[in-house]
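J.: Here Swiss-Prot flags C166, C169, H192, C195 as Zn(2+) 1 binding site, drawing on sequence analysis. Taken from Swiss-Prot, the feature compositional bias 'Basic and acidic residues' applies to 1-14, 94-104, 121-130. As annotated by Swiss-Prot, compositional bias 'Pro residues' applies to 19-31. The motif 'YXXL motif' annotation in Swiss-Prot covers 367-370. Sequence annotations record features per position, and here Swiss-Prot assigns transmembrane segment to 241-261, 274-294 based on sequence analysis.
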Amino acid sequence: MSDEGSKRGSRADSLEAEPPLPPPPPPPPPGESSLVPTSPRYRPPLPAPLERIVGSGEPPVELAPRRKGEPLPPLPPSRLPGDQEVSAAGDSCEGPRRLPEVKLPEAAAGKGSPAEPEAGACREGERRGTGDQPETRSVYSSRSSSSGGSGDQRSGHQHQHHQPICKICFQGAEQGELLNPCRCDGSVRYTHQLCLLKWISERGSWTCELCCYRYHVTAIKMKQPCQWQSISITLVEKVQMIAVILGSLFLIASVTWLLWSAFSPYAVWQRKDILFQICYGMYGFMDLVCIGLIVHEGAAVYRVFKRWRAVNLHWDVLNYDKATDIEESSRGESSTSRTLWLPLSALRNRNLVHPTQLTSPRFQCGYVLLHLFNRMRAHEDVSEDNGSGEVVMRVTSV
């Protein structure tokens, strides 16, 4: 009993020692709403520019970020001017309302008010909210402009497809005049003159590779010596050219010496000497050999010269004339008559004679004999194959 009485006495003493609790604040008048909460909420300010947080007339003040575990600073006095309006509850950003003046201890007045960051954050949110609409408009305008640009690009491509272009460089008329040199039609109808001449020099033929039409060209003039280009020649052509050049030099020298020995008064003793008479005969025979060599190899050298001339001449390609083409085809005129230069393979193949086009009686007799021998050999092979029970067909070309 004494213990319980002592405990009750100590509890009563402690209750008397504690100060009394302050009375609750009076309710606000009906015209004003209680905007300041009993436990003030403090949110860390957003990283906004200093101009937005601080007024235009005050110097910028840097706000130190709150560290983790640090207690919240006390609420500073909200000493705002009478005409300044802020939004209630910093995160609601509703219509402008006035805050009632609340007096707080002076110790917390020097630490800065967190209401200003909240007001700045609210203004920043309002500015962001108001800035969303122009941004959306700009995005929409950029999309519309991009769609319009793509539409213009498509229309430009379609317009470009309708325009005639060169079938070699795929460029339009801005790179030069477009010609129609052959029977080709459609997208491969036109070409530039320079592109066609370069393609002819690279390909080595005056014939279109698509319609096999031989171009109508005319030579204008020779290029300048500084613009001359070399052509590719084979080893056989080099030997032929060297043989023709050396034979020509020997022929000129020997004929000059023979004429001087025959008509000069200073060569009377040479004409009477037997050794010089033998030399005259040998030189005459060598001159005949050189003449035959020049005649035999002169055609090949002349073809090489025509190729070189074709590369180093300025040519003019004419447009295709359908009436002229029909007239030439009706007359049966060969297109090789107007060919200025052909590749070596075409020139060599043109000189060959097909066995079905032999018109000489001598060639006809030889062809008949070869045909008879081949038929006899075919009969022997067939009889041997029939004995083995197998049928073999052999085709022999003559």
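Start at 1 and count along the chain as shown; that gives each residue its number.
Cβ coordinates come from backbone N, Cα and C, glycine included.
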J.: Using a 10 Å cut-off, grab the number of neighbouring Cβ atoms around the Cβ of C166 (Zn(2+) 1 binding site), all chains included.
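T.: A count of 21.
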J.: For C195 (Zn(2+) 1 binding site), which residues of its chain lie six or more apart in sequence with Cβ-Cβ distance below 8 Å?
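T.: Looking at Cβ-Cβ distances below 8 Å from C195 (Zn(2+) 1 binding site), excluding near sequence neighbours, one finds C166, I168, C169.
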J.: Near H192 (Zn(2+) 1 binding site), which residues of its own chain have a C-beta under 8 A away, given they sit six or more steps off in sequence?
T.: C166, I168, C169, Q171, Q175, G176, E177, L178, L179
J.: Starting from the Cβ centroid of C166, C169, H192, C195, which together make up the recorded Zn(2+) 1 site, report each further residue of the same chain whose Cβ lies within 8 Å of that point, ordered by sequence.
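T.: Surrounding the site, in chain order, are K167, I168, F170, Q171, Q175, G176, T191, L194, L196.
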J.: Considering every residue in the motif 'YXXL motif' (367-370), what is the mean pLDDT value?
T.: 57
J.: Which state, by DSSP, holds C169 (Zn(2+) 1 binding site): helix, strand or coil?
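T.: Note: C169 (Zn(2+) 1 binding site) is coil by DSSP, not helix or strand.
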